[in-house]
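Novice: Mind looking over this structure? Questions follow.
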Amino acid sequence: MAGPWPLLRSILRNCVAGTLVAVTINDRYASLIPVRGSSMLPTLEPQLGDRMLVNRLYLDTGHGLSRGDVVVFRSPTEHRSLLVKRLIALPGDWIQVPAAQEIRQIPEGHCWVEGDNPEISLDSRSYGPIPLGLMQGRVSHIVWPPNRIGRVERKMPEGRC
């Protein structure tokens, strides 16, 4: 009698393989992230427990970002934190900063991001253009709760770029 070892070895091998596949998918292709904070209200609602699908594939394929995308990026001031904002301007764009009544050009390798809820959002209006290297992905869908499942639409504030 072989005992429990062959079964245990098979289970352990499948668990390790499954974990490696899950980590690879999460790191290279897509991940699910909970929404925290109210800076993206009404697009994303943390009070309802929104979970979003973040597409990381564009980072490798070169499809790039578009104005109006909702993006996830590392905080420029606290690199352990992930932030979610709307992409307003890309490198070389000119942007009108409403509170400062100024027009700025976005430098190469940077972008301008803002929350949909400007009264409480800490974004490029606070810390300026952010490096594109901090980008972690583009939010494509809300996947939870079931009554909010759907695509996250691109939209741009009027008269900003």
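Note: Cβ is positioned from N, Cα and C throughout, glycine not excepted.
Annotations for this protein, taken from TrEMBL, read as follows:
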SIGNAL    1-17  signal peptide
DOMAIN    11-99  domain 'Peptidase S26'
ACT_SITE  Ser39  active site
ACT_SITE  Lys85  active site
Novice: Please report how many Å separate the Cα atom of Lys85 (active site) from that of Ser39 (active site), as a whole number.
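Specialist: Ser39 (active site) has its Cα 8 Å from the Cα of Lys85 (active site).
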Novice: Sort out the sequence-distant neighbours of Ser39 (active site) for me: same chain, 6+ apart, CB within less than 8 Å of its CB, listed by position.
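Specialist: In sequence order, Val84, Lys85, Gly115, Asp116, Asn117, Ile120, Ser121, Leu122, Asp123 meet the Cβ cut-off.
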Novice: Counting every protein chain present, what is the number of Cβ atoms, excluding its own, within 10 Å of the Cβ of Lys85 (active site)?
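Specialist: I get 24 for this one.
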Novice: Over the domain 'Peptidase S26' (11-99), what is the model's average pLDDT?
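Specialist: A mean pLDDT of 79 is what the model gives the domain 'Peptidase S26' (11-99).
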